Amino acid sequence: MGSDETKSTLDTERSTVPGTGTTTKSCSMTQVVLRFVLFAATLTSIVVMVTSKQTKNIFIPGTPIRIPAAKFTNSPALIYFVVALSVACFYSIVSTFITVSALKKHSCSAILLLNLAIMDAVMVGIVASATGAGGGVAYLGLKGNKEVRWGKICHIYDKFCRHVGGAIAVSLFASVILLLLSIISVLSLYKKIR
């Protein structure tokens with residue numbers, strides 16, 4: 001009699017375990033959508049940063065002076081920003097295809113979920129660090145630093161600063177998406193091995 005109750009309880013638990021049937025499919029669809037949004041966000045941020053170039057001319061009475069162009073390649077932190085977001089953009093393409101193929105097979109192995117969870121966490125770190133580095137440079141450009149006599153430049157290169165600020169805002173959004181993907185991957189893995 002105890003054995004029958006145990007079987008009945010196990011059957012009931014298996015039928016109500018999250019991560020089977022529709023729940024797994026909706027979780028995978030959520031991952032596919034978030035990974036596509038991640039691709040769009042990282043690509044947008046890269047394009048906005050790469051196109052952030054501005055040249056200024058200052059006219060002193062009788063003599064026009066051309067100030068050198070402000071562009072993202074002038075700062076190693078902004079170059080790192082573009083490279084890191086390019087890596088995240090490429091990762092979003094690859095992981096989207098992997099997630100779609102797993103969705104078509106109607107099964108997602110635990111090892112695939114583990115790899116996605118690890119790589120999502122790594123990408124969170126990369127994109128967050130790039131956003132912080134770019135944000136630090138942008139803040140110096142906006143406010144300057146009187147103690148070390150670094151002047152602000154955003155009153156001169158306003159278009160450049162708007163591009164950099166927009167790219168950093170979009171990359172912050174991408175960091176949040178990656179964090180959500182990391183949490184979803186870990187939860188999917190937990191449901192799979194439970």
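Each Cβ is built from the backbone N, Cα and C atoms, and glycine gets one as well.
According to TrEMBL, the compositional bias 'Basic and acidic residues' annotation covers 1-14.
Residues annotated as region 'Disordered' in TrEMBL: 1-24.
As annotated by TrEMBL, compositional bias 'Polar residues' applies to 15-24.
Residues or ranges marked as domain 'Casparian strip membrane protein' in TrEMBL: 25-176.
Annotated transmembrane segment per TrEMBL: 32-51 (among others), in sequence order.
Annotation comment: TrEMBL describes 78-100 (among others) as transmembrane segment.
Within the chain carrying the transmembrane segment (112-140), a Cβ under 8 angstroms from the stretch's Cβ atoms is held by residues 31, 42, 49, 75, 77-78, 80-81, 83-85, 87-88, 91, 95, 98-99, 102, 150, 152, 161, 164-165, 167-168, 171-172, 174-175, 178-179, 181-182, 185-186, 188-189, 192, all 6 or more beyond its ends. Among the features that TrEMBL reports, transmembrane segment is placed at 112-140 (among others).
The transmembrane segment annotation in TrEMBL covers 167-190 (among others). Through the fold, the transmembrane segment (167-190) approaches residues 19, 24, 27-28, 30-31, 34-35, 37-38, 41-42, 44-46, 48-49, 52, 81, 85, 88, 108, 110, 113-114, 116-117, 120-121, 123-124, 127-128, 130-131, 134-135, 138 of its own chain, all at least 6 residues removed from its boundaries and within a Cβ separation under 8 Å.
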